[in-house]
Every structure is written in C-alpha cells, then in structure tokens.
Amino acid sequence: MSDEEDDEIILSELETEDLVLQMHDDLYDGLREEIEEGVNILLERGWQPYDVLTKALVAGMTIVGNDFRDGILFVPEVLLAANAMKAGMAILKPLLAETGAPRMGKMVIGTVKGDIHDIGKNLVSMMMEGAGFEVVDLGINNPVEAYIEAAAREEADIVGMSALLTTTMPYMKVVIDAMVAQGIRDDYIVLVGGAPLNEEFGRAIGADAYCRDAAVAVETAKDFIARKHNQMAAG
Ligand code: B12
C-alpha cells in the first residue's frame, strides 16, 4: 500500500455524523464509489432510505449547487457530483419503492425541451413509485408532443414537468397551452417543479400545482387523486 492509501479515510470507521459530512465532501468531489459505500453503511446502521436520500445526498448536492452558482465549481465537476449522486440514488430506489403501497394512479413525468437536468425529476419519480404511483419517465429534453402522446398512451392521471433553467421553464406553458388547445387539459392533473419555479409561476402557467420537492409532490399528487375519485363518486 502506498503512503497515500494509508492516509485514506475508512468510511465504516467514522461516527455517523462524521460519515454524513464526509459524504457531503465525497459528493462534492464526485467520488462515486465512496458515495455508494457511504449509502450502504448508513443503511446498515439502520437509517431509513429517505433520510439517507435527503440528509446525505440532497444536502450534499445543495452545497454543490451553491458553489456552482458562486462560480467555485464548473460544469465538469458538477457532472461528476451528479453521477455520484445518481449512483447513491440507484441503491435507494428499490428500497424507496418497496413499501408495498396500493396503486395510487399513474404519472407521466419528464424534463422539458432544452433542459437536461434530471436528478430532481428522478427523485420525484422514485418517491412517487415509493408511494404507490406508477411512473412513466420520459427522460430529458421533451417537446410538447412527447408529453401529450405519452399521457394519452399511458392513460395517465398526472402529467409532471421539470425545469431547472429560467430559460426552459416557460416551455411548461407551451405544453399546457397545447393541452388546452386540444381540449385535453382537464383530463390530467398537471404538476410542475424545479428549483427556479415558485407557486405563482405554477398558477400563472395554468398548472394544478407547483411542488417544491419530492415529498410535497407525493402529498400533492395523493390529494388531487383523492379529489378526483371523490368527484367521480359524486358524479
Ligand atoms: C447538477 C446540475 C447540473 C448538471 C445536471 C446533471 C443532471 N443529470 O441532472 C449539469 C452539469 C449537466 C448542469 C448543466 C447546466 N446547468 Co445546471 N445545475 C445543477 C445544479 C448544481 C443541481 C441541480 C440538482 O440536481 N439539484 C438537486 C435536485 C434534487 O433538486 P431539484 O432539481 O431542484 O429537484 C427538486 C425540486 O425542484 C422538485 N422537482 C424537480 N422537478 C420536479 C418535477 C415535478 C413534476 C415536481 C412535482 C417536482 C419537481 O423536486 C425535486 C426533488 O426534491 C443546479 C443548482 C441548483 N441550485 O439547482 C444547477 C443549475 C440549475 N444549472 C444552471 C446552469 C446555468 C446550467 C448550464 C446552462 C450551465 C452551462 N453553462 O452549461 C447547463 C444547462 C444544460 C441544459 N441545457 O440543461 C443554473 C440555472 C440558472 C438559471 N437561472 O437558469 C443553476 C441554478 C446553477 C446556478 N445557480 O447557476 N447542471
């Protein structure tokens, strides 16, 4: 073993609190294997998958996001961090989906045209699946037709759109306007999300709701589905 390797931090020997901080550092440095190892250690120590996701991964990504904003990190580094985050999420995905919840409804979700950010969208997909929704993920860079065709084909209850750029978020209105023009807007619950959005924007473009994070997305979706069922029962 070289001297360098001798100095390496052994993740499994860290106290949990230090391990989480180390994982924030490792995510920052885009260390995929270390993130996978950290996720597994936290799970072995009895952490709930959702806590691992939010406290270790999402919290670490927030630090990356701040330094990207401030010009300390650049695209290649952020991409490495994003890949490390995805590797961690891949371990958590089956665990979050394992709740055996009854089928709640079906959601078609995708990132809008011109936008390739997909971590938040993937997280929403995972959490929705975990809550019992069936999710059809359209991936990134979706034009109007992709949403509308998939929603019809899949007989979706919910259409979800994600945008992370101020330049791509207006495209959500293009999709909703097309749905209105085709007379199908009210066939779906339209949920929108992404860091630059807010409630006012969601209202202005005619979405049913803006959701600030994946947990809110699940609660909001459940709410709307329950209302839809009540309406059907009443009608
Ligand atoms: C990772 C990242 C990247 C990665 C993306 C990798 C990937 N596979 O996703 C890479 C390096 C590729 C990238 C590229 C770019 N990026 Co970028 N990126 C980020 C960063 C740091 C983190 C985003 C993220 O993953 N967050 C973590 C997730 C968990 O959070 P989230 O996405 O917000 O999702 C949550 C909620 O918003 C909500 N949600 C999200 N979607 C949906 C959908 C629905 C239906 C619902 C209900 C809820 C919901 O729930 C999610 C989970 O809780 C942000 C910084 C930031 N503060 O957001 C910049 C940021 C978004 N990027 C930015 C920029 C400028 C770019 C580039 C233009 C840079 C460049 N010069 O090339 C390109 C654009 C490429 C393109 N055409 O899309 C800017 C946008 C600025 C703006 N005002 O528009 C930001 C804000 C950074 C900054 N402050 O400058 N980026």
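Positions of Cβ are set from backbone N, Cα and C atoms, glycine also.
Heads up, TrEMBL stuff is auto-annotated, nobody curated it.
Straight from TrEMBL, the features:
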DOMAIN    10-104  domain 'B12-binding N-terminal'
DOMAIN    104-235  domain 'B12-binding'
In the domain 'B12-binding' (104-235), how many residues does DSSP assign to helix, to strand and to coil?
64 helix, 26 strand, 42 coil
What mean pLDDT does the predicted model reach across the domain 'B12-binding' (104-235)?
94
